[in-house]
Amino acid sequence: MTALWNRLKDHRKAQGSGRIEALFDADRAADYRVQADGLTFDYSKTMIDAGARDLLLELAAPVAARRDAMFAGEKINETEGRAVLHTALRNLQGSVTVDGQDVMPAVRETHQRMSRFATQVRDGGFAGQGGRITDVVNIGIGGSDLGPAMAVLALAPYHDGPRTHFVSNVDGADIADTLKGLDPATTLVIVASKTFTTIETMTNAQTARDWMAASVTDPGAQFVALSTAAAKAADFGIAEDRVFGFEDWVGGRYSVWGPIGLSLMLAVGPQAFDQFLAGGAAMDAHFRTAEPAQNLPVMLALTGIWHHQICGYPTRAVLPYDNRLMRLPAYLQQLEMESNGKRVAMDGSDLEVVSGPVVWGEPGTNGQHAFYQLIHQGTMPVPCEFILAARGHEPDLAHHHILLAANCLAQSEALMRGRSLDEARALMQAKGLEGAELDRQARHRVFPGNRPSTTLLMEQLTPFALGQIVALYEQRVFVEGVILGINSFDQWGVELGKELALKVEPLLKGEAAPGHDPSTEALAGLIRQMRG
Ligand code: F6P
């Protein structure tokens, strides 16, 4: 691989100060674009040229074998000895074995139980002790929160079930603000935790139970558990028929497709949820069959590798021009950075190149009035990934949507084209400026341009389209991980902080807690003083 990385870096160097705009011939807009089931990914506004694309595609050579191993249920999560089969949750008609056992009957059975339960809650067949369920509170964190929280907001136009709330932070403010105003007698609490040991989730679950117990005679009856640890859910007092289980081959950040998606299913109904699954399955089918140059996850991944590992841009911005995708950047932060933020390869050796970039973003047009200044005129280019639907869900407000889309296209055009010093000078001259003042003012109004961006375009943000997009990003992470040699499915980097938090807790309580560094001890002392 080293030689190939070097050839790519040399190719980039040889491009020198060449401009993206200059790459456009009559065909580029169509050639540097990939389509799958109504989704279009345009990467023409980048410095990827024919030579770069050929080399990048060479980098992707190991992907197909690894992809097939993943879909076949092989234990490709080698550091945890697990298969990686979240894809089975969205391909209910499929068949796949792990350790010689067909996993699909159990997946289908759980999916049917979820659908039955969701239907009962939605039609009143399952009620709280004070009547029909009006509110659902999902308690979970990380992958047990971000997926459903992102998707429930994204699919707001399809939301016809109970109100849905999400509590994740151990900060008591989160659960206090959420429960305020809710009626315990008509609230369903979902405890979502793959391990059923995560301290934030278990602390919030206990607080919710105390809150419920103060008002209803049987608090446990309005609790549901989503977990791989059925016995722990039983210990918490949740009856077996309200525990929806899954297997360890579903990673937390890949789990929205199964039981962890129950809050989404309750919100939009089993049918729309199945459409979400169908979108994910369609993206998987495309990923498995399309040739690499026409493969959406592969080309999205290669664009990411080009910008981060080859061009050296340290971050990438995800900019949905869709207010309902507000939580997508946070969701992608976990998906991408927990998966590919690693420093060693699968075999324990140091990575050959830098690992995954920092991912961040906000919906447009809001971001335009906040951080786009830096994106346009800061010294470090930020590759931007725009996401846009051709149509909104508010036909009466179509003029808003046209403005939204115009802003999205205008930003990518402005980033690429920029504004030259001559153009800026002409503007200043037109305002009557001259001499040194004209020069000074003009320089502030120069946009260097040549800043790369991609655009992901869909017709409308439907449950199917959302499923496609989420699966697309999952598979992009997979492709980048394979190319970097990373295991994208473990997360050892979150452990140390969790362990130390348990050791710092006694320090804050004023108990003996040896072995901490002087700064931590001093800060804990200050906190104790301030608390009085
Ligand atoms: O802290 C990291 C993590 O393990 C994530 O990978 C996971 O999504 C989250 O914690 C929550 O874990 P659980 O679902 O087991 O409560």
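In case you wondered, yes, glycine gets a Cβ from its N, Cα and C as well.
For GLU338, the entry in TrEMBL reads active site, proton donor. As annotated by TrEMBL, active site applies to HIS369, LYS498.
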- prompt: Just the number: how many Å between the Cα atoms of LYS498 (active site) and HIS369 (active site)?
  reply: 37
- request: Please report the number of other Cβ atoms within 10 Å of the Cβ of GLU338 (active site, proton donor).
  value: 22
Statement: If you measure between the CA atoms of the residue listed as 'active site, proton donor' and HIS369 (active site) and round to the nearest Å, you get 29
- prompt: What residues, ordered by sequence, lie under 8 A Cβ-to-Cβ from HIS369 (active site) and sit at least six positions away in the same chain?
  reply: none
- request: Tell me whether LYS498 (active site) sits in a helix, a strand or coil according to DSSP.
  value: helix
